[in-house]
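Colleague: Got a structure for you, questions after.
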Amino acid sequence: MKILVCLSNVPDTTSKITFTDNNTRFNNTGVQYIINPYDEIALAKAVELAEGGKATVTVIHVGEADAEPTIRKALAVGADEAVRVNAFARDAWFVAHQIAAFAKSQQFDLILTGRESIDYNGVQVQGFLGELLAIPSVSIAKSLQVNGDEITVEREIEGGKEVLSVSLPVVIGTAEGVAEPKIPNMRGIMTARSKPLQVIDAIDVPVLSKIVHYDTPPSRGAVQLISKDDLAQLVNLLHTEAKVI
Amino acid sequence: MSVLVYIEHVDGAFKKSALEAVSFAKAVGTLVNQPVYALSIGEVAQSELEKIGKYGAEKLITVNQAELKQFLNQAYASVIAEVAKSVEAETVVLSNSFSGKGMAPRIAAKLDAALADGAISLPRLSGTAWTIQKTAFSNKAIATEELTGSKRVIALTPNSFEPKEEPTSITIEPYQPSLSPDDLSTVIKDIVRATNQVSLPEAEIVVSAGRGMKGPENWAMVEELARVLGAATACSKPVSDAGWRPHAEHVGQTGLAVTPKLYIAIGISGAIQHLAGVSSSKTIVVINKDPEAPFFKVADYGIVGDAFDVVPQLIEAFKTYKNN
């Protein structure tokens, strides 16, 4: 089985989010980048499925050269090879076209993405990929099991879960529950250095949308502390002041 | 030209987020002076279908065939795109629910439309350029996105647009889509839905608890508070990681982002990753025994006290309020 894992390089979860150029661009000064946490789940699952030589794992990243530490980390975790499409990852539409262009020539059986990236929070790449490759896609998987040519997926739905089965090839967006993220060991880190990392050029994709401005959410006023002995006051404030009950 | 809105139902009952989507579509229709058509797929009773007229749609297109009884991502996306083409929709609106998230990019790709997912505001139009707001960086920012081209798909964040009654006389029109076998290749084996629980992504009130609860055996009071308020229950990441509560309840940067009217946090210190997922809540109440807990800095109301002492009293206080 050939597995492709799509990696996004995102600001660390503790990063302070600020903007520059008149609030039109994310300010990455001093920001530590990590593998998108949901993509780490996808990667861990792929490596698990490949155990004992049952599959090969290719990781792909669309981005500039500064993302290479993230890609090497994925190789250290256990991916066999990596591909970087050398371009600024403008948006999900652009990224999906790059991945689809690569995947078309390779016949992957299973394409995994994280359910969403924690920077732009689209849940887009998996669906775009499914459509561009004309294969099924499952957006938010909580568990997945491969049985031959078929894959059983538990998908999150409001207030519960849905179990579905789908034939390979398929694109799946992974969420918590699919696998535990793996930490690279020393051997992995050493071998990662010599694993292939291919850099390819991007294809042209028409622009359909563009972020033109960022705002930081309005801040709340100072907290109103209420005595634990006067909870009726809290109830009253929620009703009359906040008007939420 | 028209605005098409897909309305999602659960077991034949339209979801609140679907009604929000219809109202939103109506407001978009008013902006661009185009009629609003709604689309329902699957089995829904006539009386439920007629409800949609209350929210401003002129026509309700219904697709109801055996193969589409249950939600199928590809098939539903194909039907929505096909209907969008047949009514010459320039804008397709749907809810950014779990199913909506799966379909929205497929519909956009089929229509060569720009995709605005997680929209939280009505679009602004200047000439042919549309801009729309969405949350980014896990609620730490609001991004204004410009949508170019002649078509767009907008996936609306639940609880971000109030459904408004605007009665029109609605005509209901069945539609027979052409489905390809590829669209129907997914097989749904089982659906497990807790019927007595409020769905977390759409909940207006969320009662959330953290490690301050000390163990899973102490959740009864959290659930009781949620029951009294008609709220959904949620938890912090350490709690779901420890297996005290299911992952589906985890709200925060790497869990679910929620936008309720009222978020009550019990025994959660307020790590930056947790705040990211809840900071868009309208009102935040924090209960924590540590007065220095960072959560108090972003709360509207705070109670410094032990959860085991405060929560039972709070349940009584809300019960008294509900009874009056």
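The first residue you see is number 1, and the count goes up from there.
Each Cβ is built from the backbone N, Cα and C atoms, and glycine gets one as well.
Any TrEMBL annotation is an automated prediction that lacks curation.
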Colleague: If TrEMBL says B:Gly267, B:Ile268, B:Ser269, B:Gly270, B:Ala271, B:Ile272, B:Gln273, B:His274, B:Asn288 bind FAD, which of B:Arg211, B:Arg227, B:Arg245 does it name for the same site?
Modeller: B:Arg211
Colleague: Which of B:Arg211, B:Ile268, B:Gly270, B:Ile272 (binding-site residues) reach within a Cβ distance of under 8 Å of chain A?
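Modeller: It is B:Ile272, listed by sequence.
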Colleague: Which residues, sitting 6 or more apart from B:Ile268 (FAD binding site) on the same chain, put a CB under 8 Å from its CB?
Modeller: B:Ser208, B:Ala209, B:Gly210, B:Arg211, B:Gly212, B:Ser236, B:His274, B:Val286, B:Asn288, B:Phe295
Colleague: Can you count the other CB atoms that lie within 10 A of the CB of B:Gly270 (FAD binding site)?
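Modeller: Around B:Gly270 (FAD binding site), other Cβ atoms within 10 Å: 21.
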Colleague: Check the DSSP secondary structure of B:Ile268 (FAD binding site), expressed as helix, strand or coil.
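Modeller: Where B:Ile268 (FAD binding site) sits, the three-state DSSP reduction gives coil.
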Colleague: Counting other Cβ atoms within 10 Å, pick out the least crowded of the binding-site residues B:Arg211, B:His274.
Modeller: B:Arg211
